[in-house]
């Protein structure tokens with residue numbers, strides 16, 4: 001009888017001792033799976049962010065690899081040959097255009113720095129610590145994809161010739177070659193000694209006359225003109241998009257972290273995380289307001305076929321206006337398609353590489 005009672009007591013004790021051990025093992029297994037999940041989530045998004053940054057740095061390295069010192073100025077093809085043939089026009093159009101203006105270069109650097117700051121906060125403060133893999137992956141891919149498009153549009157706007165009129169073409173030989181009709185009037189720019197086409201205006205920063213000049217934007221360190229207005233519109237649109245996306249992610253992150261402990265929401269300490277998010281919200285709100293207004297004014301100017309300078313000067317149109325869709329087609333090229341939203345469209349890397357190998361990249365000053 002005693003042996004049976006002792007055996008039953010031992011079985012009861014073993015059962016009570018086994019159950020906590022089993023619960024503890026389940027907790028350890030769940031924690032291990034959660035750690036693996038978070039590591040996989042972090043590795044995936046980190047690799048995505050790294051690939052995007054390497055791509056952007058590669059673009060910058062390609063554009064500025066052969067940049068000469070500010071004191072050394074390469075020859076200007078247009079200065080010596082005012083009348084360009086078809087092949088020479090292609091060479092002039094394919095050369096890299098860069099304005100060496102200290103204020104513009106600082107503003108362009110600040111633009112890239114602020115976008116990179118937004119990427120850091122979104123990726124490493126909000127998305128990587130998230131417990132939802134698909135939430136982090138979808139938002140990470142969307143935000144970084146829009147950031148790449150925005151920075152590419154910025155590069156294309158900054159490094160594209162906005163439509164500069166050839167320098168020094170107001171010569172007697174050139175005037176005779178125009179075969180002007182009696183009473184026909186042409187205008188000469190006294191600052192750059194060039195014949196000004198219709199709707200061209202002189203930019204004191206670029207030191208050139210620019211065809212269909214809208215304005216000079218220090219944030220892209222270039223004029224917005226006939227050849228790069230499309231990229232400027234895309235730049236403002238994508239910056240407004242990532243700013244709105246960042247505001248939505250920040251609001252959701254604040255709302256989520258208020259319910260739980262801040263230590264579980266971010267790998268950073270609560271004060272640091274809050275300060276980073278506040279600065280991101282202020283930056284996103286400022287950029288969203290500015291770029292949304294600029295995007296609206298640019299679309300309005302394109303649809304009315306009227307530049308900002310022409311509107312401010314209240315110039316009466318002497319040209320045939322292309323309004324609404326005709327103006328959009330003229331700026332973006334061709335009928336409406338997804339290529340309108342592609343800042344890589346028309347990028348002739350092969351021509352630029354061949355040009356860079358032969359004579360180096362040409363920088364306009």
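Yeah, the Cβs are placed from backbone N, Cα and C, and that goes for glycine too.
Summarising the annotation, TrEMBL assigns domain 'Palmitoyltransferase DHHC' to 188-314.
If you look up TrEMBL, you'll see 45-65 (among others) marked as transmembrane segment.
Annotation comment: TrEMBL describes 103-127 (among others) as transmembrane segment.
The transmembrane segment annotation in TrEMBL covers 133-151 (among others).
Only residues 6 or more beyond the boundaries of the transmembrane segment (231-252), in the same chain, are considered here, and those with a CB under 8 A from a CB of the stretch are 115, 118, 121-122, 126-127, 139, 142-143, 146-147, 149-150, 153-154, 156-157, 160, 217, 220, 224, 277, 280-281, 283-285, 287-288, 291-292, 294-295, 298-299, 302, 331, 341, 343. For 231-252 (among others), the entry in TrEMBL reads transmembrane segment.
According to TrEMBL, the transmembrane segment annotation covers 272-295 (among others).
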Next item on the list: Would you report the average pLDDT that the model assigns to the domain 'Palmitoyltransferase DHHC' (188-314)?
Entry: 90
Item checked: Same-chain residues near the transmembrane segment (272-295), Cβ under 8 Å, at least 6 residues beyond its ends -> 114, 117-118, 121-122, 125-126, 233, 235-237, 239-240, 243-244, 246-247, 250, 253-254, 262, 265-266
Check: Near the transmembrane segment (103-127), which residues from the same chain, at least 6 beyond its ends, have a CB less than 8 A from one of its CBs?
Finding: 45-46, 49, 53, 135-136, 139-140, 143-144, 147, 150-151, 154, 158, 205, 218-222, 239, 242-243, 246, 249-250, 253, 266-268, 273, 276-277, 279-280, 283-284, 287
Next item on the list: Just give the helix, strand and coil counts over the domain 'Palmitoyltransferase DHHC' (188-314), going by DSSP.
Entry: 76 helix, 19 strand, 32 coil
